[in-house]
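**Q** Pasting in a structure now, in C-alpha cells, and then I'll have a few things to ask.
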C-alpha cells in the first residue's frame, strides 16, 4: 500500500457516513466521482417508482391526485429540501426545471424593481443562467450585464434589478460568499437570485440567514433525484405577497379546479407551479431528498470537505503536473475539484475505461465531484492513482479516447 | 339483457381493437371513462420504467445520456407523435408541460408579428391557455382578447398576432374546424396555435394539411404517458428558421456542451428544449406513444366515434333528463360526451363508488371520455345503466358523495 492508499483506508474506517453507500446501487468497483452531474440511484427508488407507476397510476388512476397525495407533492418535497438550504418549509417548492424556474424568478425580480432592467451575472456562469437572462433580454424586458467575479460589487449600479449568481461554480467549484454578495446587492437596491444547483446537499447554504431573495436548485445532482429530476425554487417569505411571474399556468392558480377564465395567483410559492407536474419523476426525487435529509446537511458537508481535501493533497503529491483550478480553502469551495489539462477529454475517457468516472468540461477541465453520501476515500485514492497510471503509460493517447459523444 | 346491453355486447364482439385492452393494466370490473383526464397504464410501462431507473440510471449513470440515447428522447418521441397529428417527424418535439410550451409558442408568434399584440382566444377555453396569454399580458407583450366561438372570425382584426384555440373543448367536447379557422386567421395576417390536449390519439388531426403554424399537446391523456407526462410542441417547417422563443435554456442551444456564454438556438424544434428533460417520465411517455402509434390513428378515431355514438344514443334513451351539451355529430366532437346536471359532482362520486369513473367539471358538468384503445362498449353501457340506477335510487344524495376533494 502506498501512503495515500493507507490514508484513504484510515479515513474510510473512521467515516461516520460509510454505511450510507449501501443505500445506493453502485458497483463496489466503481469510483463514481460524477454525482455532481448525475447523482447515483438510491436503492429505495426502484420500488418507490414501481409503486407510483403500478399502484398509484395503474390502479388508483385519476383518484391518486387526491388519494396518493400527488397534488401536494411539489410542496411536500419542497418542505423537505428547505432545511438543506436554510429555508422555511413554505419558502420552497418543486417545479419544472432549473431553467424554467430561473425565468420565473428573474421575471419576478424585474417586476419588483420597475425602472431597473439590468440583470447582473458573471461571464462563465452556468450557460442556462445566462441564456435565460438573454431570453428576457430578447423580450425587451431585461438587460444582461456580466462582470468578472472581483468586479461584481462595483458593477452593482442603480440600474441593476437583480444579481443572479451560481453559488458554487460548475466548472471551478469556487463558492461565493452568499451573505456578503446578497448584502452588497441589497445595498445597491437590487435583489438576488442564487442558483444552488451545485450546492444543495453538499455545501452549507443558509438562504434565510443570508437574507437571500430568490433561489433555484437542481434535483438530479446531490439530491439524487434521477436524470432530469424536477428542480426547486425558493422565494423568501417577505416577497411572497408581491410575487408575480409570467408562467402563470393553471397549477399555480388559487383555485385551479374552478376553471375560471381569469388568473388569480395561488398564495406563496404555489404560484410558481405552472403545468401539471411530472409525478413519476417527482416521486423518484422524493426518495433522494429523503435520504439526504435523513443524513443531514452538517454531516454531508463535513464529509464533503474531507473527501476534497484528501484528493487535493493526494493530487498535489502524485499528479503535480495538473494544476488545480479550484480554491485551496474548502470553506470557499464546492464539493468538487477541477484540474486543468490540455487533454482533459482524453484523460477523462481513459479514466472511465478504468471505472473511474469524473467528467470533462470544455475546453480543458477534468472535474472530480464528491457526493458525500456514497463516495469513499478509497474511490478518491483510486482516481488519483489511476490518473497517474494513465499519464505514465500514455494510454490516454489511444484513438478511441478521442472520439467525441453527443454529450461530453 | 336489455337492448343496450345486447347492443354493447354485439359491438364489443365486432370491435377490431378489442384485444388492445389487454395491453393496459385495468381491472376487468372497472369502467374507466376518464382517460381524457389521465390515460390508463400500459402493461409494458412498469418494466420499461424499471429498466430506465435500474439499468440506465443506476448502472449506466452519466454514460446513459449517450449510451441509452437519453439526449435524443425529446426528438425521438416527437417523431413518433407526428403521424398522430398530421405532422412531419422533425416538426414535433417533447418538452416541459403544455403550459410552458404555450408560453414559448405564444411568444414565438408575437415575435413573428411585430406591431400586433393581440392573442385571440375564446372564453371558457382550458384555463391554462388563457392564463399563459395573461402571463405575457402582464409582461406588457400581449393583449388578451376573447371572442365567443361564433364571433371568432369577425374578431380577427389587423391587430391580432395569434389565434390560440383548443381544438377539442375540454368541457363540451366541441371540435373546431382546424382548416377553416386556420385559413381565417391567415387571411387576417395572424398565426394560429392549436392546443391538441384533448385531440391527440383520439380524433383526426392534420396539422400540415390545415396549414397550421404551431401546436401543443398533452402526454398524459390519450397518449397514456402517466401523470404529468411531458408535453409536445409542433412548429411548422416553414417557421422553423425564424423561430425565436424566450425560454432559451441550455438544452435548446445549438452546442450545449460547449458551455458558451451566448445563446445560439439549436435548429428547428430543438430550440424548444429548455432545461434538462425528465427522463423517467419521458420514458414512460414513450411506451404510451408506441402503443397508440402501433394501433394507428384511423382505427382509434373509428372506434372513438362508435363508442361515443353508442353512449349518446343509450343516454338519450335511458337517461333523457340529463341534457348532452356535446355536439350531436361525431365528426365535430372530441372523444367525450358531457352532460349537464345540477348535482354533477355528487353523481360523479356515486358513479365512482360503483366503479364507473367519469369526471366532474365545475360547475355542473358530468364528463365521460372514451379512450378508444381500452374502453369497451360494455363499459359505456354500464355507465349509462349505473347512472340510471343512481338517479332512480337517489343514492347520489348520500352525504359522503358531497364531500369535496382537493382535485375535483
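Using the three backbone atoms N, Cα and C, a Cβ is placed for every residue, glycine included.
Pulled these features from TrEMBL for this protein:
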type: BINDING; residues: B:99, B:126, B:127, B:128, B:129, B:166, B:195, B:198, B:220, B:250, B:276; note: pyridoxal 5'-phosphate binding site
type: MOD_RES; residues: B:221; note: N6-(pyridoxal phosphate)lysine
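Give me the lay of the land around each of these features.
**A** In the three-state DSSP reading, residue B:195 (pyridoxal 5'-phosphate binding site) counts as strand. Under 8 Å, Cβ to Cβ, and six or more positions away along its own chain, residue B:195 (pyridoxal 5'-phosphate binding site) finds B:98, B:102, B:125, B:126, B:129, B:164, B:165, B:166, B:167, B:215, B:216, B:217.
Close to residue B:221 (N6-(pyridoxal phosphate)lysine) in the fold, though at least 6 residues off in sequence, lie B:35, B:36, B:37, B:38, B:39, B:197, B:198, B:200, B:201, each with a CB less than 8 Å from its CB. A coil conformation is recorded for residue B:221 (N6-(pyridoxal phosphate)lysine) in the three-state DSSP classification, outside any helix or strand.
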**Q** Sequence order please: the recorded positions B:99, B:221, B:276 that have their Cβ under 8 Å from a chain A Cβ, otherwise just none.
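**A** Going by the Cβ criterion (under 8 Å to chain A), the qualifying recorded positions are B:99, B:276.
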**Q** Give me the long-range Cβ neighbours of residue B:127 (pyridoxal 5'-phosphate binding site): same chain, 6+ apart, Cβ under 8 Å, in sequence order.
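**A** Residues satisfying the criterion: none.
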**Q** Reduced to three states, what secondary structure does DSSP give residue B:129 (pyridoxal 5'-phosphate binding site)?
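**A** Assignment for residue B:129 (pyridoxal 5'-phosphate binding site) reads helix.
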**Q** Provide the number of Cβ atoms within 10 Å of the Cβ of residue B:129 (pyridoxal 5'-phosphate binding site), excluding the reference atom itself.
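**A** Excluding its own Cβ, the number within 10 Å is 25.
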**Q** Over all pairs in B:99, B:126, B:127, B:128, B:129, B:166, B:195, B:198, B:220, B:250, B:276, the listed pyridoxal 5'-phosphate binding residues, work out the largest Cα-Cα distance in Å.
**A** 30
